[in-house]
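Enquirer: Sending over a structure as structure tokens; questions will come in a sec.
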Amino acid sequence: MAFKIASSPHVTRNLHTSTVMQRVILCLLPGLVVQCAFFGWGTLIQVLLAIIVALSCEAAVMKLRNRSIKASLSDNSAMLTAILIGVAIPPLAPWWMIVMGTVFAIVIVKHLYGGLGHNLFNPAMAAYVLLLVSFPVQMTSWIAPSTVALNTPSVIDSLQLIFNVGAHGGMEQFRLGIDGISMATPLDTLKTDLSLGLTTTESMAKSIFDGGTGVGWFWVNLAYLAGGLVLLKLKAIRWHISTGVLAGLFVASSIGFLLSPDTQASPLFHLFSGATMLAAFFIATDPVTAATSPRGRLIFGALIGVLVYVIRTQGGYPDAFAFAVLLANLCAPFIDYYVRPRTYGHSAP
């Protein structure tokens, strides 16, 4: 049998950390653009503010540690963390919240444990949980998508509301001053309606829902899905974790929907609501805090998907990805210990 042999050299090129981070950031852009289109300029302002704070904190910590500031900033990890925090919080959250969350992510979660490659938890999700637990009202106050809002804030309006230093912050002023802009997310709305005794069909008759998914959120998730597929094509991430997350969430939500369609949302709703695609391709795939073996990555991803469904349906926080990712981060060493690949010539561990 004749074998086809490729010409030399046979050495594959390893991607540098900065290159991987650049690719992830570029693939995030479609989702960021669509998110800004539906939820206004506030998202972009939050992202830019987070980047400034993250790079400043990164430089300050490197200076204190007598490390190269240029090398640390050029790996783009701080910028990626900042973007993930910026797109995760409500567009018109007060400025001090994004500052607090970003400082916590970079200084405490990342560098307190030794810097890039040593952190135990995903910095962006740890920051999100800190803000959500500390300021639940502000963190659950999103603005209505532009397609259903009576008024859409301009760039100037967004800046004024974000940087308002009043006691209640920009979002509170928004609720009092402009009708038809602030509202709960589809996940929050559905969970509240179900607790009041409404069926899924009755809840989804509201204007915030369209075609079984949330208005705006379907397209945001679709954009992050497109970016994630490009990321897979570029081989910046492996397919195991993303597949595990989506499969775990799909299977769990399908079982729930089949058992009780009147009180459970469809798998389509779960897959294209909240931060599902963002988390599946850009957050859960963090190589530092995830499991390492192929089989371990699948288990890690599936665990996140199942936890998301359980927390969304039984917990107090409808979009549960931050908690699910952090809990899976805790389980990653355990998964790696019991799902180690067998070394050639040795028995299984």
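The backbone N, Cα and C atoms fix where each Cβ goes, glycine too.
Note that the structure is predicted; figures quoted are calculated from it, not measured.
Dumping what Swiss-Prot says about this protein:
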TRANSMEM  36-56  transmembrane segment
TRANSMEM  77-99  transmembrane segment
TRANSMEM  124-144  transmembrane segment
MOD_RES   THR185  FMN phosphoryl threonine
TRANSMEM  212-232  transmembrane segment
TRANSMEM  239-259  transmembrane segment
TRANSMEM  265-285  transmembrane segment
TRANSMEM  291-311  transmembrane segment
TRANSMEM  315-335  transmembrane segment
Enquirer: Counting Cβ pairs closer than 8 Å, which of 124-144, 212-232, 239-259 has the most of them with the transmembrane segment (315-335)?
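Expert: Between the stretches 124-144, 212-232, 239-259, 124-144 has the largest tally.
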Enquirer: If we skip the immediate neighbours and take only residues 6+ beyond the ends of the transmembrane segment (212-232), which ones have a Cβ under 8 Å from one of its Cβ atoms?
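Expert: Counting only partners 6 or more residues beyond its ends, the transmembrane segment (212-232) has Cβ contacts under 8 Å with 23-24, 27-31, 33-35, 38-39, 145-148, 185-187, 204, 239, 242, 266, 268-269, 271-274, 276-278, 280-282.
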Enquirer: At least three Cβ pairs under 8 Å linking the transmembrane segment (239-259) and the transmembrane segment (36-56), pairs spaced 6 or more in sequence?
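Expert: Contact between the transmembrane segment (36-56) and the transmembrane segment (239-259): absent, because fewer than 3 Cβ pairs are under 8 Å.
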Enquirer: Looking only at Cβ atoms, how many others are within 10 Å of the one on the residue listed as 'FMN phosphoryl threonine'?
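Expert: For the residue listed as 'FMN phosphoryl threonine', the count of other Cβ atoms within 10 Å is 20.
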Enquirer: Give residue numbers and ranges for long-range contacts of the transmembrane segment (77-99): same chain, 6 or more residues beyond its ends, CB-CB under 8 A.
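Expert: For the transmembrane segment (77-99), the sequence-distant neighbours (Cβ-Cβ under 8 Å, at least 6 residues beyond its ends) are 17, 21, 24-25, 28, 31-32, 35, 39-43, 45-51, 53-55, 57-58, 105-106, 110, 116, 123-124, 127-128, 131, 135, 138-143, 153, 158, 161-164, 169-171, 174, 275, 278, 282-283, 322.
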Enquirer: Other than its close neighbours in sequence, what residues sit by the transmembrane segment (36-56), given a CB gap under 8 Å and a spacing of at least six beyond its ends?
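Expert: For the transmembrane segment (36-56), the sequence-distant neighbours (Cβ-Cβ under 8 Å, at least 6 residues beyond its ends) are 73, 78-79, 81-83, 85-87, 89-93, 95, 98-99, 101-103, 105-106, 142-143, 145-147, 152-155, 158-159, 161-162, 216, 219-220.
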Enquirer: For the transmembrane segment (265-285), what are the same-chain contacts with Cβ under 8 Å, counting residues 6+ beyond its ends?
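Expert: The answer is 24, 27-28, 31, 84, 87-88, 122, 124-125, 185-187, 190, 200, 212-214, 217-218, 221-222, 224-225, 227-228, 231-232, 237-238, 241-242, 245-246, 249-250, 253-254, 257, 300-301, 304, 308-309, 312, 318-319, 321, 324-325, 328.
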Enquirer: Which of the three DSSP states, helix, strand or coil, fits THR185 (FMN phosphoryl threonine)?
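Expert: The three-state answer is coil.
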